[in-house]
Amino acid sequence: MSESGIKKLSQERTREWLASQEDEELESIAESSVVDSLDYDYTEEEEDADQNTSEEISTMTLGTQIATKKHSIISDTIRDLMNSINSIQTLGNVNISNSTNVHIGNVTNINGNIQIIADGLTQNRRDRRHVSPPRDNAPKTPTHFEDDYQDESEERVRSDVFIRRQKFKIPKELSAIIPRSSWLAQKPMDEPLPLQLPVKYVVILHTATESSEKRAINVRLIRDMQCFHIESRGWNDIAYNFLVGCDGNIYEGRGWKTVGAHTLGYNRISLGISFIGCFMKELPTADALNMCRNLLARGVEDGHISTDYRLICHCQCNSTESPGRRLYEEIQTWPHFYNIEEEEQ
């Protein structure tokens, strides 16, 4: 067959292919348009403001967001945006030969920020990750996303938009414990010893290091401490069960169920909670103190700490200034504080 005949046959096959496509498939071709959102310009001033408030910043990439129907306007806005940029082109004759990575349809570039701020949400964030299957007798709301499950209070919103940053205001009292994986902890050198629960004693210490109200600095301090405890002290892991930062966060050390290496003579019968910093002349921040009290209450509620536990400080058990004179004075005013000296007398 001649070259002109091959070219003509190729054109005919292309026309047949285009004619055979359903509207749905053509729309999917159009939806492959590129939507690019530039990174949000995050300045040091804004970072400092975030550290001094109760805001948590989370990053969402291309994927799925679950929102309540109260905020269904978010999905409508995204859907309108996608519909406006994904208009279907009218295609004429198409001839493709000796080509790779061919794109048919619009290519739309959006140079700008797309930020969604959802406020007024009262449920736990994990509740929003759950999507209930549709009820048999529940009326089905017609949407463009018929495969998504939804109920009376939630709907799943799909889009091809990159949402770089989304801010939620979360009360510090409800903040979860930051797990070891978040501060890139190395694994224990040996198999950890299990702690017999519930524990009778809780020991308060300080790390005798610098303190900071910035999470990034506290993470660095904790990693340095773990490295020092393992390599210089020869211990199995970081000494403490939990650490409290002046940023108002609780950081997981050895956790609830593992024997620590914080207080000689008390490691097997207590939890060690250490404040990050040195508190000889000043107290930790109010957020740090509140979070420590919340951690104690959570330990009792979850069965890790005895209901009649005894709260003691490191300086009462060993010859040390820890947790610092100023913090020691504060701990003496807390419920469950136990005066070992009176018992010995």
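Positions of Cβ are set from backbone N, Cα and C atoms, glycine also.
Look at Swiss-Prot and you will find His206, 229-240, Arg254, 261-267, 314-322 tagged as peptidoglycan binding site. Annotation comment: Swiss-Prot describes 1-16 as compositional bias 'Basic and acidic residues'. Positions annotated as domain 'N-acetylmuramoyl-L-alanine amidase' by Swiss-Prot: 198-324. The N-linked glycosylation site annotation in Swiss-Prot covers Asn52, Asn95, Asn98, Asn106, Asn318, and the record cites sequence analysis as its basis. Feature annotation from Swiss-Prot assigns region 'Disordered' to 1-38, 124-152.
Positions of Swiss-Prot features highlighted on the structure.
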residue	record	CB count, 10 Å
Asn95	N-linked glycosylation site	10
Asn98	N-linked glycosylation site	4
Asn106	N-linked glycosylation site	16
His206	peptidoglycan binding site	26
Ser232	peptidoglycan binding site	8
Asn236	peptidoglycan binding site	19
Tyr240	peptidoglycan binding site	28
Thr263	peptidoglycan binding site	24
Asn267	peptidoglycan binding site	18
Asn318	N-linked glycosylation site	14
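Rounded to a whole number, the C-alpha distance linking Cys317 (peptidoglycan binding site) with Asn106 (N-linked glycosylation site) is 72 angstrom. Mapped onto DSSP classes, the domain 'N-acetylmuramoyl-L-alanine amidase' (198-324) shows 40 helix, 30 strand, 57 coil.
For Glu321 (peptidoglycan binding site), the same-chain residues lying six or more positions away in sequence with a CB closer than 8 A to its CB are Met280, Cys315. All protein chains included, Cys317 (peptidoglycan binding site) registers 19 other Cβ atoms within 10 Å of its own Cβ. Averaged over the domain 'N-acetylmuramoyl-L-alanine amidase' (198-324), the predicted model has a pLDDT of 96. Asn106 (N-linked glycosylation site) falls within neither a helix nor a strand when secondary structure is assigned with DSSP, and so counts as coil.
Taking the C-alpha atom of Asn98 (N-linked glycosylation site) as reference, the shortest distance to any of the recorded positions His206, Ser232, Asn236, Asn267, Asn318 belongs to Asn236. Taking the Cα atom of each, Tyr240 (peptidoglycan binding site) and Asn318 (N-linked glycosylation site) are about 16 angstrom apart. In terms of Cα distance, the recorded positions that sit within 10 Å of Asn318 (N-linked glycosylation site) are Thr263, chosen from Asn95, Asn106, His206, Ser232, Thr263.
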